[in-house]
């Protein structure tokens with residue numbers, strides 16, 4: 001299996017190393033526009049294989065031709081969010097970048113699965129889908145996996161328990177309108193509402209919504225990358241190993257949850273064909289309304305990009 005990572009920044013490079021270490025790909029190609037950066041990072045990763053005990057070939061390049069015949073393409077290219085900047089502020093600049101990147105990779109790979117990480121991820125997934133012409137099942141956004149990871153982390157920290165015992169879902173857009181679904185949150189099967197009062201849960205939900213900007217405010221000149229990379233690799237491994245994992249991912253909805261033709265984060269089954277099933281779970285009226293509001297924001301922002309495709 002060949003996996004290409006576009007963007008050799010913090011998220012892309014960290015994801016590339018994790019993929020190499022897990023050895024579910026024969027070859028990882030790291031591509032970036034800056035000469036020397038992907039080559040140097042790829043060589044450094046490859047040399048770590050003697051210590052970390054992996055044989056995955058890691059190659060760095062500035063040429064999209066080296067992505068030829070990729071099975072999975074991970075797109076992390078784009079501008080990082082800065083303090084005071086919302087994901088939506090990145091919209092026009094990153095949309096133009098993603099349009100160009102997608103056009104280039106599709107010249108050399110006929111039927112890849114594209115995993116989008118660049119923000120605003122729901123809208124960039126839309127751009128990649130529109131430009132690539134791939135079936136909706138093969139263009140997937142990473143948002144819900146990361147948001148769910150943060151939600152689990154905050155719950156575990158509050159209860160002083162293992163994160164491994166927490167089951168949770170965060171739906172909707174990867175932004176301020178995300179929807180942590182409290183009714184589907186449990187600890188070893190015990191509903192979260194039996195372990196924490198509602199005001200504490202509301203605080204955890206709010207912290208989850210602001211999880212990304214919390215890290216941006218600490219870093220000042222960058223954004224999160226360890227957790228985004230780990231979340232992305234969890235998705236890619238599920239696809240590469242055909243694990244049929246149920247994960248919250250950004251996908252194009254076709255009537256599910258009453259939402260049509262909008263990319264939104266919902267539970268899906270991930271396997272060798274990409275998104276193999278969209279799971280429609282029962283939501284409370286407030287949760288369904290919140291999911292619709294989240295989808296409306298994504299749809300509104302996507303309409304702002306029409307000039308990009310003129």
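Using N, Cα and C of the backbone, Cβ positions are placed for all residues, glycine too.
Since this is a predicted model, take the numbers as computed values, not measurements.
Under the DSSP three-state reduction, residue 11 (NAD(+) binding site) is assigned to helix. Sequence-distant neighbours of residue 11 (NAD(+) binding site) (same chain, six or more apart, CB under 8 Å from its CB) are 76, 117, 225, 228, 229, 232, listed in sequence order. Feature annotation from Swiss-Prot assigns NAD(+) binding site to 7, 8, 9, 10, 11, 12, 32, 94, 117, 118, 119; the stated evidence is sequence analysis.
The DSSP secondary structure for residue 119 (NAD(+) binding site) is coil. As annotated by Swiss-Prot, substrate binding site applies to 81, 87, 119, 150, with the evidence given as sequence analysis.
When other Cβ atoms within 10 Å of the Cβ of residue 174 (active site, proton acceptor) are tallied across all protein chains shown, the result is 30. The active site, proton acceptor feature in Swiss-Prot is assigned to 174; the stated evidence is sequence analysis.
All protein chains shown were included, and the count of other CB atoms within 10 Å of the CB of residue 9 (NAD(+) binding site) stands at 19.
Binding of NAD(+) is attributed in the record to 7, 8, 9, 10, 11, 12, 32, 94, 117, 118, 119, and the widest Cα separation among these residues amounts to 17 Å. Cα of residue 32 (NAD(+) binding site) to Cα of residue 174 (active site, proton acceptor): a distance of 25 Å.
Summarising the environment of residue 119 (NAD(+) binding site), the number of other Cβ atoms within 10 Å of its Cβ, over all protein chains shown, is 28.
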